[in-house]
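Worksheet for the structure shown next.
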């Protein structure tokens with residue numbers, strides 16, 4: 001068992017969300033002594049939005065959710081941990097269909113109202129008997145806490161991850177709560193890992209989808225642990241409508257901006273928790289790029305820095321090796337002019353106009369790098385494009401976890 | 001000091017190349033007790049071709065070589081090890097100009113006939129006084145061996161790297177010999193690292209350039225250690241014309257095919273040596289992708305696999321975790337159909353038609369993974385596109401080398 005990440009955050013105090021009921025059970029997908037099936041019952045009228053992996057080899061769960069999202073209605077969520085069911089052909093698809101049918105029969109809804117997500121080893125069909133027994137046990141189980149659910153959806157995660165926020169919509173306070181799992185195989189430019197957001201707000205499913213897309217672009221798509229992309233990445237947002245607000249239907253409705261801000265804030269909290277549990281992580285790194293030709297270009301350069309093994313090992317070694325940042329800017333393939341480039345670590349400018357700052361003093365940089373929150377700032381001096389991404393350092397811990405993990 | 005790579009090859013017996021004279025000296029770019037300046041004198045009439053990094057932040061040496069390559073004539077090469085001189089502004093440019101002027105004055109050629117390459121730390125201007133003293137010492141030094149030169153151009157390399165081959169051109173045997181350095185900050189899609197090829201063949205510089213481009217695309221652009229791209233990558237090919245063959249001028253000249261084949265073979269040997277010295281490498285990995293829509297698509301998918309930290313750590317752990325190969329195919333962003341995908345390790349098919357092979361026996365795969373040469377084969381089942389790339393595993397050694405390397 002891996003030690004808890006030194007960057008771990010305590011699990012916050014998450015309130016109940018009206019219309020959401022959680023249970024967990026032990027399906028026994030792996031030989032472990034813990035809950036590994038999470039069941040969430042959602043009141044009638046719950047709408048749903050989602051973003052899923054851009055992998056060309058998605059799991060059957062991802063394909064199922066994509067189809068079900070077109071209808072926009074949800075009555076239940078089942079999350080399996082320990083087996084991703086990806087790359088398992090017809091047997092994998094059959095397992096998802098069996099889960100949806102079992103739950104739909106119990107709830108009295110269409111199978112398309114049942115959302116399914118699985119995480120764990122690729123290539124082993126999810127055992128239908130274990131899934132069905134786990135569902136039956138969860139249906140009969142007492143209500144579980146958010147923290148229990150966050151633990152039950154985890155795999156290599158070292159701590160359970162949750163976040164909460166609120167917004168005022170049409171004079172009513174709506175609550176947004178979320179749980180997430182993810183530690184390795186984390187890369188951006190797609191919905192990353194398994195994340196679930198629940199709110200009591202009333203909101204049209206199309207608007208919820210657009211707002212989730214926007215939040216995703218600024219949060220889940222801005223994190224990376226290892227540049228590897230899961231076949232199962234899924235983020236779902238469920239809105240039960242129980243808060244009593246006048247339902248949001250358009251971006252310009254009163255309260256829509258507040259809800260978007262709250263949703264983005266929640267997603268950012270959740271995304272950053274994944275980085276804080278990055279496999280082997282000892283440092284939380286914020287990479288900010290500004291002065292790029294466009295925001296998109298800034299985003300790509302920031303990711304080139306955040307995904308560079310040489311930058312990540314330098315931070316692990318608390319080494320102010322800004323030359324590696326130059327390297328990562330240079331390899332991004334985006335517009336950059338060497339002689340306009342400026343780089344800082346924390347608040348200290350280390351390079352400007354394509355060379356080291358005159359009389360550069362490494363002492364404050366060395367002090368900054370000793371902390372567990374490191375900032376790398378790059379100014380390209382070309383335009384107004386900017387982006388921020390979050391990553392972690394690359395340590396012996398990452399190698400230990402991944403060279404020993406058995407398929 | 002790092003131990004010699006377990007994948008190291010002994011330095012081959014390289015013959016002299018007529019028209020090429022080598023010397024080494026101690027410029028003292030770092031506090032080490034070894035030769036770190038290599039000087040190669042080339043007879044009048046030597047032509048040159050080259051490929052350089054695609055980094056947007058190239059070193060002044062790279063810019064110098066690019067300009068000089070337009071003229072196609074070479075009389076000398078100077079290689080500095082321990083300081084890349086990259087990202088050093090006007091002072092870096094002045095150092096390159098001073099080196100070229102010093103050598104040109106001695107040789108009696110134009111400065112543009114002097115090629116300069118430097119490798120090492122980024123961001124520290126190359127000290128002109130040390131360079132000039134090193135050049136003077138090299139000019140007065142006895143002739144050095146290929147192996148001494150290969151050692152003198154090294155930085156974090158754990159063994160000197162050279163290769164040799166021959167071709168029959170117009171009834172004459174021509175010889176091609178090369179040396180190379182590189183171990184980390186190795187990524188494809190550009191000329192990678194510092195590599196120098198010398199031949200006594202007579203060949204027009206334009207043809208030599210086209211042939212080097214073609215060889216590069218199949219060799220240096222097909223290796224990766226860590227996906228990071230140097231600001232200084234340079235491969236230069238020098239042809240002295242002393243073999244006495246009728247000069248090659250066109251692709252359809254007699255012997256041109258043989259020379260192209262020999263050049264590509266030499267470059268492949270050199271490229272693979274870099275992978276064999278990949279930082280921390282314990283396994284040499286060949287990734288072959290076939291059945292892609294195009295060769296280019298196959299190349300990108302192969303690189304996605306070869307650059308995946310999760311694939312590389314799985315190989316380090318001798319774990320037949322083919323799910324991570326699926327993941328890397330899926331994230332490449334290239335056309336792929338999950339249910340047509342087939343994967344093999346060594347000669348053993350592990351997955352076909354989007355799921356594990358019926359009755360798959362892990363024993364021969366486990367045996368294959370215990371060796372130090374690992375093959376991963378992917379068939380996409382879509383078309384005729386294919387590509388092969390070479391990489392190494394990702395181990396604790398990589399972290400140790402790069403988290404401790406001081407800028």
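Glycine too: its Cβ is placed from the backbone N, Cα and C atoms.
Any TrEMBL annotation is an automated prediction that lacks curation.
Record features, source TrEMBL:
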type	residues	note
ACT_SITE	A:192	active site, nucleophile
BINDING	A:155, A:181, A:192, A:279, A:402, A:407	substrate binding site
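A distance below 8 A between C-beta atoms marks A:402 as the binding-site residues from A:155, A:181, A:279, A:402 lying next to chain B.
Comparing the binding-site residues A:155, A:402 by how many other C-beta atoms lie within 10 angstroms of each C-beta, the top residue is A:402.
Under the three-state DSSP scheme, residue A:181 (substrate binding site) falls in the strand class. DSSP classifies residue A:402 (substrate binding site) as helix under the three-state reduction. Neighbour count (other Cβ atoms within 10 Å of the Cβ, all protein chains): 27 for residue A:181 (substrate binding site).
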